[in-house]
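What Swiss-Prot annotates here:
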- Asp19, His20, Gly21, Lys22, Ser23, Thr24, Asn136, Lys137, Ile138, Asp139: GTP binding site (BINDING)
- 7-189: domain 'tr-type G' (DOMAIN)
Amino acid sequence: MSSDSMRNIRNFSIIAHVDHGKSTLADRIIQLCGGLQAREMEAQVLDSNPIERERGITIKAQSVSLPYTAKDGQVYHLNFIDTPGHVDFSYEVSRSLAACEGALLVVDAAQGVEAQSVANCYTAVEQGLEVVPVLNKIDLPTADVDRAKAEIEAVIGIDAEDAVAVSAKTGLNIDLVLEAIVHRIPPPAPRDTDKLQALIIDSWFDNYLGVVSLVRVMQGEIKPGSKILVMSTGRTHLVDKVGVFTPKRKELSALGAGEVGWINASIKDVHGAPVGDTLTLAADPAPHALPGFQEMQPRVFAGLFPVDAEDYPDLREALDKLRLNDAALRFEPESSEAMGFGFRCGFLGMLHMEIVQERLEREYNLNLISTAPTVVYEVLKTDGSVIPMDNPSKLPPLNNVEEIREPIIRANILTPPDYVGNIITLCEEKRGSQIGINYLGSQVQISYELPMAEVVLDFFDKLKSVSRGYASLDYHFLRFDPGPFVRVDTLINGDKVDALSIIVHRSYADRRGRELCEKMKDLIPRQMFDVAIQAAVGSQIISRSTVKAMRKNVLAKCYGGDVSRKKKLLEKQKEGKKRMKQVGRVEIPQEAFLAVLQMDK
């Protein structure tokens with residue numbers, strides 16, 4: 001495609017924190033460009049998944065191609081790529097941004113700048129994108145446009161003098177946003193090679209078509225019938241159809257350089273078209289792939305087990321189907337003495353885990369038990385080998401372990417100055433070490449290195465509660481650090497329950513063991529015999545509590561009489577309980593497995 005035809009293409013993305021009105025702004029842009037008829041419009045057109053709608057978040061990237069007649073009379077092709085806003089999905093954001101030349105930074109004029117938009121904005125600036133600030137929700141009585149502009153300049157460091165002030169809800173000034181896109185965002189630049197290079201922004205599975213990939217053609221063109229090569233896997237596929245979303249799917253005869261659209265090739269699963277990979281022609285391949293591709297690594301692992309063992313094949317099928325759509329989801333079969341057969345699943349973070357579990361339960365009608373999530377530790381064995389460990393019950397015997405290393409993350413927290421003290425106290429409690437504090441206008445940026453294990457469980461909730469909801473968090477993985485870690489096992493009547501094992505810092509082991517025993521004591525129902533709950537590190541018992549037996553009053557029909565008669569009856573009862581304890585099994589309810597999650601609450 002010549003540089004003339006590329007001159008009127010604008011590829012842009014929207015960067016925003018959760019709830020700052022990104023999807024609503026997208027709706028208005030689609031409406032103004034006539035992408036959908038008025039009767040077809042609905043709130044958050046692009047959030048197609050019901051969970052995305054309910055939670056008010058965007059999970060998968062989506063795209064729309066719209067024609068726009070500008071005020072100078074020219075028709076421009078706007079390709080808008082919608083990105084997820086949550087920290088778990090930051091890799092998908094970086095891929096969406098790599099496909100654009102510019103980005104709209106949407107900031108809620110009432111709330112100001114938040115951490116997630118800062119992180120994504122830095123990614124955009126690093127990739128050389130033109131960032132256009134947009135202040136949304138100016139119809140709110142609490143909106144303060146000047147303060148929001150000052151914050152953008154202080155926190156992010158880009159000029160916000162000519163930021164566009166809009167209200168996506170009422171549609172005020174949306175035309176100014178479109179003019180800013182056309183005049184301030186540059187067209188795609190011609191590349192040095194004429195061979196096909198296309199970046200995969202996202203892939204999803206369609207029941208009728210197989211895998212549909214959202215791509216940005218950097219150079220060359222893709223037509224139905226051409227044979228393409230996926231550069232990271234080395235596999236070739238035949239292209240069946242290509243087209244764009246308007247947001248409805250529309251077929252075209254070809255996708256040219258600078259355009260964003262979908263392709264449908266004979267790919268069977270999403271792993272055949274990984275996000276961030278490069279497509280090229282098999283007959284005439286490009287000399288090198290586009291930069292920035294990386295395998296998605298799960299950071300949080302948990303066991304998922306069906307409540308009813310007969311649902312195991314259905315769970316496998318449901319996970320297989322979900323994995324077609326979700327390249328970051330990993331799973332492998334696992335069996336647990338306490339829970340039966342299930343799967344060990346890997347997720348990007350806690351939100352990702354919740355969404356997967358919710359989709360399994362809702363879309364596939366499964367009733368699931370999940371074990372406590374753990375992060376991936378590195379174990380250095382005495383023979384010098386290093387193994388990753390995502391399941392505490394699989395920890396090798398301690399005499400074979402040289403050291404255990406935990407993942408450390410760098411957390412950037414943005415907060416109003418009033419809550420700095422509370423947040424520092426929270427980070428110190430979580431074994432954090434402070435990197436720095438910067439005062440930026442009306443916000444404070446606090447940087448900490450924290451153990452990931454402390455962050456994945458409930459750090460986000462606690463951060464919101466100590467800052468009354470004002471603080472926001474962004475984090476990324478740094479490295480593995482060695483430390484004195486031990487595994488705390490839970491024994492019920494002397495039997496180890498593998499699903500309740502946790503790995504903790506040695507200094508916390510006693511306290512966590514005690515808390516776990518107390519919590520379990522409240523959750524395990526009383527039996528006809530005493531149930532001993534113990535927490536152990538290795539062979540050493542560190543805590544114990546007992547669920548007392550239910551007992552019948554065997555002395556009820558003894559009036560006065562001989563004490564030896566009473567003794568005999570009590571001894572007989574005791575003997576019976578003892579025999580019962582030898583054969584009795586304790587059923588552990590689902591709540592008990594979640595007790596590990598709610599330990600600090």
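Heads up, the Cβ atoms here are built off N, Cα and C, so glycines get one too.
Everything Swiss-Prot records as a feature, shown here on the structure.
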residue: Asp19; record: GTP binding site; Cβ neighbours (10 Å): 13
residue: Gly21; record: GTP binding site; Cβ neighbours (10 Å): 23
residue: Ser23; record: GTP binding site; Cβ neighbours (10 Å): 24
residue: Asn136; record: GTP binding site; Cβ neighbours (10 Å): 28
residue: Ile138; record: GTP binding site; Cβ neighbours (10 Å): 21
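Model confidence over the domain 'tr-type G' (7-189) is summarised by a mean pLDDT of 76.
DSSP gives Ser23 (GTP binding site) a helix state.
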